[in-house]
Amino acid sequence: MPDVKKRKIAHEAPEHGSDAESTSSHESVAQQDDTAETQDEAAATETRPAPKSFKDLGIIDQLCEACETMGYKAPTPIQAESIPLALQGRDLIGLAETGSGKTAAFALPILQALMEKPQSFFGLILAPTRELAFQISKSFESLGSTINVRCAVIVGGMDMVSQSIALGKKPHIIVATPGRLLDHLENTKGFSLRTLKYLVMDEADRLLDMDFGPLLDKILKVLPRERRTFLFSATMSSKVESLQRASLSNPLRVSVSSNKYQTVSTLLQSYLFLPHKHKDIYLVYLLNEFVGQSAIIFTRTVHETQRISFLLRSLGFGAIPLHGQLSQSARLGALGKFRSRSRDILVATDVAARGLDIPSVDVVLNFDLPTDSKTYVHRVGRTARAGKSGVAISFVTQYDVEIWLRIEGALGKKLKEYELEKDEVMVLAERVGEAQRQAIVEMKNFDEKRGTKAKKFGKGKRSRDEMDQEEG
């Protein structure tokens, strides 16, 4: 593997008991190792001094320079807790929300180990959605730019032959969705992961929520037992616990979130109580109030995502849809346009709630409330990131009161009602009504195209490619 520049690395991360601070923070871990073969737990605490740089964590200068180039000024809590333990060769369970910097938390130790012993098929990262897989690959390539790391993205919706060619070039890192990876393991001649050194399951709770469990079992059976495994998840459900027992060896658990429903202090959250029949009018009014700012509008269904996109476009807004039934190229194109601000409004199902690399969103509008509090937190977490301020407004109709009260209960606080003048809103009624009629015509054409496609490919059990995309 001549492309990776090999050099001898002395890990600077302290071993257990090598200094006073490390010993005190991990004392219970050592005790658990002595008494039973249970998983260790290393909870992040505010009492330990935060490392000032990635070098403090044991990351070599070459990778530290890459961090600086990417704008990583100081380690995030999940990076500060995970990286030293990963450099010690431990299996890890990382409990952290999206936007916490967890990709670098597993990418940096893997890249550092790759520099010590370069080989093909060194690391495998499994992700629940295609977009997240491309994002992770981009992070690996950026962090590993100085060592010429080669990555292959293996996801559904893309050409199998070109992916087989990419695998034939023996990349260092594979980032994949489970369905398409299993297709290649079963059907691509000469492709094997018998020499794999690192496995990462990112957003494991979503992998299991999307029924990837049986596919993960098949993948795990063909991987070598002698490997390092990192499992990252926003929550620790019973399914995730079962997965970690089946795939990890005496892992350390790192948790950086004391409250799974916690939102950042720079996020201004409110709700808008309104009649269901007037939701479109209120939406247009709010977008006029936030004109010039980037916004994500969350809906519950593909149909509503498309309808609102058509509605807003007819009114002159730069809106673009994002949902799981778009082609892969269309989804990546939508994200690219939104990131570049050539379109400033993204209308999306919950495919955009977690894991996507959208660095700057000013406003989140929950046009349709999510059915659970966890999804609400992930949605509003798309704004007010990296210390910036943000606004999240949720539409609460007469049919949503019970759901909204559950969300407020999970947050542990009552949110303020967004104040506006109803008379000013209803001035837009006639204009929005015309746009609604136009959107109905466009939706009819859209649904006819979808129906033709469904008949062409037939109905029945979801294919692995369909499982490789977010529901909705």
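Residue 1 is the first one shown; counting continues down the chain.
Cβ coordinates come from backbone N, Cα and C, glycine included.
Checking the ranges 52-80, 81-109, 255-283 against Swiss-Prot, the motif 'Q motif' annotation falls on 52-80. Residues 202-205 are the range that Swiss-Prot records as motif 'DEAD box', among 202-205, 242-245, 306-309, 430-433. Shown are the binding-site residues SER100, THR103; the one with the most C-beta atoms within 10 angstroms of its own C-beta is THR103.
Following the DSSP three-state reduction, the secondary structure of SER100 (ATP binding site) is coil. Taking DSSP states H, G and I as helix and E and B as strand, the domain 'Helicase C-terminal' (282-426) has 61 helix, 25 strand, 59 coil.
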